[in-house]
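**Q** Below is the structure I would like to discuss, written out as structure tokens.
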């Protein structure tokens, strides 16, 4: 059952037209470009982990009520080297590769030395992100690959380190109303004191004419020192409000010494992540205009977080919603040997899996040194989240649970950094593979779902109606695959208000399960091509 997720995908190099059922709103014009792992073996060699698969980028173009589909492998250096060798020769997150033992001693010694500071793979399989008018396939390392969103061709590799001192950067940036991009990364080795870095790329940074990358205009907003030099917090995303960046420094940490010696010890990079359940989680609130951090020490219980949902300011508080786990077993679930189990044994062997819980934290900005000890300083009436000043003046924050069993969250992005009511996501109940998508109403705490027997939808994407006033006036897009040979893959279009199906576009080609992506409205698309 799980094997449909880890089977090799194939390219659909020329656009194919989907077969329509129902009707797509005439205003829906643009291209949804999405990324995810699509090649899990090369020659006789196989990857160990689903997040190692080589990137396969696909796009769904909506034009005058029609949908066309195409897909291409990201032609990264990693892809080219593996295909040329007809086996996997570049190490990934969950698969460490060793050189051919027949090579002479000198080249072997050199290979060992060059693995002390890992030169990461450029297999960018997580998301599509925009800097200026440039679109990149990205993962969490210092390399990205620029793509042409119209043809899905790989334009070329770019190294963050040529523009800003970073070893790692997230694949989940934020975009403000002016079109500027904010992102966050980690400087570990070779860049002076280790730190987390928040940076901004201005909207007008691209120079198409001279083919100069938008990143050349990158500006550092601020940096935050690690609380423990050899154990930086792992982070996959962050929050942003009108005035602040929200960074959760969680006790899910990267062991730097282990990372530097992983190659010699015969372990993969994934095993260098450790969750310390006895530690605390720190919440950093940074003013995005001045780069200064709010001086209060806000903290909470140990948690693991990958995805933030949204953040905003309300009446002197910073409110942020995220999806948290009480352990780090999620990564274990995606080892391909675990994904290939039969459903029943999968459920049995993953009883220890901690379900994703959508939580709301509220941090009052009015706390000061004299604030009363032991009392809850949250004055908002629509949440049970608490922030209590401790004897030492630090603030202990306890969240309000919004919903249990949802991942890959999305919102109407016009409401990003603002007070909002709805979020959408993939329902995760007994398996890492969503078989339903849902809409959560934060005010009523109710939810609605879409599902179809034996169908697996991808992360839902909200696209708003033109001129919409209401937050949920628009459509939800999700590509759906099925192990049933009688159900061809399709692009599902739902009314975002009631989750009723408006249309589905059946695609006469193979479609793979993806991770994240970016919707490019048609006007922008023509502008860039």
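Every residue gets a Cβ built from N, Cα and C, even glycine.
TrEMBL lists these features:
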BINDING   172, 236, 307, 516  Fe cation binding site
**Q** What's the number of neighbouring CB atoms sitting within 10 A of the CB on residue 307 (Fe cation binding site)?
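**A** The Cβ of residue 307 (Fe cation binding site) has 21 Cβ neighbours within 10 Å.
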**Q** Of all the binding-site residues given, 172, 236, which has the fewest Cβ neighbours within 10 Å once its own Cβ is left out?
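**A** Sparsest of the binding-site residues 172, 236 by Cβ contacts within 10 Å: 236.
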**Q** Just how many other Cβ atoms lie inside 10 Å of the Cβ on residue 516 (Fe cation binding site)?
**A** 21
